[in-house]
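Engineer: OK, TrEMBL features for this one:
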- 8-19: compositional bias 'Pro residues' (COMPBIAS)
- 60-76: compositional bias 'Low complexity' (COMPBIAS)
- 81-100: compositional bias 'Polar residues' (COMPBIAS)
- 164-174: compositional bias 'Polar residues' (COMPBIAS)
- 182-194: compositional bias 'Low complexity' (COMPBIAS)
- 199-214: compositional bias 'Polar residues' (COMPBIAS)
- 242-251: compositional bias 'Polar residues' (COMPBIAS)
- 422-460: domain 'Zinc finger Sec23/Sec24-type' (DOMAIN)
- 499-743: domain 'Sec23/Sec24 trunk' (DOMAIN)
- 748-831: domain 'Sec23/Sec24 beta-sandwich' (DOMAIN)
- 844-943: domain 'Sec23/Sec24 helical' (DOMAIN)
- 962-1035: domain 'Gelsolin-like' (DOMAIN)
- 1-114: region 'Disordered' (REGION)
- 146-327: region 'Disordered' (REGION)
Amino acid sequence: MNVNQSAPPVPPFGQPQPIYPGYHQSGYGGQPGSTAPPTPYGAYNGPVPGYQQTPPQGMSRAPPSSGAPASTTQAPCAQPTYGQFGQGDVQNGPSSTVQMQRLPGSQPFGSPLAPVVSQPAVLQPYGPPPTSAQVTTQLAGMQISGAVAPAPPTSGLGYGPPTSLASASGSFPNSGLYGSYPQGQAPPIGQAQGYLGVQTPQRSAPSQASSFTPPASGGPRMPSVTGPLLPGQGFGGPPVSQPNHVSSPSPQALPPGTQMTGPPGPPPPMHSPQQPGYQLQQNGSFGPARGPQPNYGSPYPGAATFGSQPGPPQPLPPKRLDPDAIPSPIQVIEDDRNNRGTEPFVTGVRGQVPPLVTTNFLVKDQGNASPRYIRCTSYNIPCTSDMAKQAQVPLAAVIKPLARLPPEEASPYVVDHGESGPLRCNRCKAYMCPFMQFIEGGRRFQCCFCSCINDVPPQYFQHLDHTGKRVDAYDRPELSLGSYEFLATVDYCKNNKFPSPPAFIFMIDVSYNAIRTGLVRLLCEELKSLLDFLPREGGAEESAIRVGFVTYNKVLHFYNVKSSLAQPQMMVVSDVADMFVPLLDGFLVNVNESRAVITSLLDQIPEMFADTRETETVFAPVIQAGMEALKAAECAGKLFLFHTSLPMAEAPGKLKNRDDRKLINTDKEKTLFQPQTGAYQTLAKECVAQGCCVDLFLFPNQYVDVATLSVVPQLTGGSVYKYACFQVENDQERFLSDLRRDVQKVVGFDAVMRVRTSTGIRAVDFFGAFYMSNTTDVELAGLDGDKTVTVEFKHDDRLNEESGALLQCALLYTSCAGQRRLRIHNLALNCCTQLADLYRNCETDTLINYMAKFAYRGVLSNPVKAVRDTLITQCAQILACYRKNCASPSSAGQLILPECMKLLPVYLNCVLKSDVLQPGAEVTTDDRAYVRQLVTSMDVAETNVFFYPRLLPLTKSPIESTTEPPAVRASEERLSNGDVYLLENGLNLFLWVGASVQQGVVQSLFSVSSFSQITSGLSVLPVLDNPLSKKVRDLIDSLRAQRSRYMKLIVVKQEDKLEMLFKHFLVEDKSLSGGASYVDFLCHMHKEIRQLLS
């Protein structure tokens, strides 16, 4: 799908449109705001002017007076930015972005979807819009007006048994946008109605659909209600854990499939007089509009609204879809853990969908690669390209060739075939694997990828058993396992000679900024001990890696640390335009041999530059110097660059400050993500050829043009770390932890990866941190265990259901000890002729990983709005195709989602609201570029928690419990002001403390006597000797251990100015930058699907 296509004409994205007068427009959190414009629901593509005065959803209090800082081009250090709060943080504030327009009407990309013919004549949502008089009558006298024939009863949610669905907060939509029931007639009870009812068919049987009935928040599922409700009692049983700071509206529409019996009572009085200058409209459903139901109580009388400013009494918020009635990520994760976390995942069966990335499970390799190495968007792929085009489900694999395994699982076996090297197919060059077919008594084999028949070399010959399998199959890893390694022969090496062990070069910025912050002293002190922990092979006593040191500002200083010297020698290269390495012997040394000289150097560097006044730096010549040093030493290696400012000194690769927020939401916004100059791409290409990988540690105080500086790390397979406004006392732990992990991790150097496929599909597109000089080879100067390469496949022929489809990923690399190796991963997938089989074997987490990377690459060449529209259209097409071809016929007013994809809308909305695609006013250009390149090589587990953060309540579970507390949904409605929560997204860690938390808890965690004495923004919890303190600190440690980067803790008090930053990560709510809430986005998706189907 091409992002350049014109945006599909689809309505209501953040653009004011004609809606029927008198409908209630919801403000944030259901509080009508006097200034919000008449949009059907919150702005999608940029904020609507007027939302800026309104607090975010679920927040019925005024924002703190301290507010978020105004947007500036360069973040001053007082302002929270990504680097200051752990990578990826943002502080929410008013947005200044320009509003985007979206065209009306919707039209699919690809093949047009024909309208569904077998729609029942029920619930046609296109009745005449009610006049304002009718709506006023509705509001005043609770009369129901309009003209749509009453619906004949359908069972439950459309198919399958009727399910009683209890509401937790009792708030359901009571009006759609298009029509309503005949006057005076309530909708028939216990039948599918034209509002958004979520239906999710089971994975096991395509014709079955399970209505989604999550338990009421925090409690068991409620029974269907019988008998009249008591006054003040919401629908759905007794009051269930109410959010403390949102008064609950009275429910006025039954959830789909709910059965309700009992005598009708008089309707309750309506509390919402129309606001001046403010259109009234419902927040969520797209079925016929309904007036209030008889027999409903009013909202809970005593729902507290803490923290709100005193003012005139607020009218009741409008009704909205109950969040508990829509698919919950937490529930899906929990169910998968319970169902699939106990048994090992055995890879012997073709096309099995593995457990979710959030489930802890053991893998037993029996012929297919572990999901830790390869995850696919679907494990059952369409047999034809037409079918694939119809479904629009991208066929992609996220491959992590050097993934680290848990201690219980064995690393891949290393197979040594001696001088003959690994056995391969003569035609397609695929490596021997369990799917190769031996024939003619074992003398020949048929390639499973290209069907070529090859001779078996005499030294590899073995007889076959009665089933046609080799009798030694289980003794050979390459015939029985999905993943294994071959020792490579000299033919696989550069210039036909075995490589030398790699080298590490530490290149330290010693300009004024680096010295002033204490960075140089801290780094030199750490390196003294860190050099003992360089990566080593297996049981080697010491690492084979050699090290070298360079310091720089406007000029470069090389150091001779030869073991025979009494003191290190410094050589200065001031001609940065023509970079060369002034010494060879003594620059790269063995750590143990030269330890005394290295220690002496690291002691001297901070003193030597202590009084520097040099503020300017160079950047490209530093990388050039490191690469030339590796070239002279004839080895691959890694440069560790520690850099503080925009390189403005006269030299190749000089940059200017081009940060311009006015470009946001314009066609030129893409230039902010593109490098300023082509010099860095050229440099990166030379680095890759030499096997020189670059890891960049940035310590900026202002704009440094991450988009340009990250080009070389990105193309060489390196990493970028960013610590904005670095202060030793606050950021030391995070920086040192990242540095230790980065230096110690196992890396494959000078690597080339190729993905082969069986006939019928081929790899067409690649995403990640690497360089490609042709269409098939992924070249990586370095590849570590955290990096993934995402590969998209397309059909080039028809596939066969019986033989399935095969993938083989082969990675050729040099190990830390200088050994040349081949790592092979094989995976067999099923093929299908029925769309239902495709939809039953998809994996949403992998799909979102692919879609995020596709979008984040798209912003380099397309307007951000076009990229967002493409994602929405593709998602709508995937779900519309399912609805049309796989779901049982049911009312158009119901949203039906495939069981495996029921979280696609919530996760996709998180991607659309992310800082790259929809930045808040305070997100800097550097932050966006940083996150963009970070996500490009994330694995599925990392994108899962990055886009949908984990929110863990800390005082609900028993103190003696050693397991992680069960997560709750990422929404402000789930926060109780009497509790403490941890929120993590892989880059950030927040501890949110409610205003009414018990004094004992405050004392146990913070060693202060009251909430008001807790220091907001605290980044370390005091070490106290009590069970709660120990439990919380252990939990924080365990969360950090699961992630590839150190998450700095930030303590956030309720009502504090930092709370805006914390709320940015509550992704189910509306965002201040204009992103829709989950409920609103689900409704929007439903509307898009219906437009595609009609």
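Including glycine, each Cβ sits where the backbone N, Cα and C put it.
Map the listed features onto the structure and describe their local environment.
Structural biologist: This prediction places the mean pLDDT of the domain 'Zinc finger Sec23/Sec24-type' (422-460) at 96.
Helix, strand and coil residue tallies for the domain 'Sec23/Sec24 helical' (844-943), in that order: 65 helix, 2 strand, 33 coil [DSSP].
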Engineer: Which sequence positions outside the domain 'Zinc finger Sec23/Sec24-type' (422-460), separated from its termini by at least 6 residues, show Cβ-Cβ distances below 8 Å to it?
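Structural biologist: Sequence-remote neighbours of the domain 'Zinc finger Sec23/Sec24-type' (422-460) are 367, 415, 468-470, 473, 478-482, 486, 488, 756-759, 806, 808, 810, 822, 824, 826, 828.
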Engineer: Could you give me the DSSP helix, strand and coil counts for the domain 'Zinc finger Sec23/Sec24-type' (422-460)?
Structural biologist: 6 helix, 11 strand, 22 coil
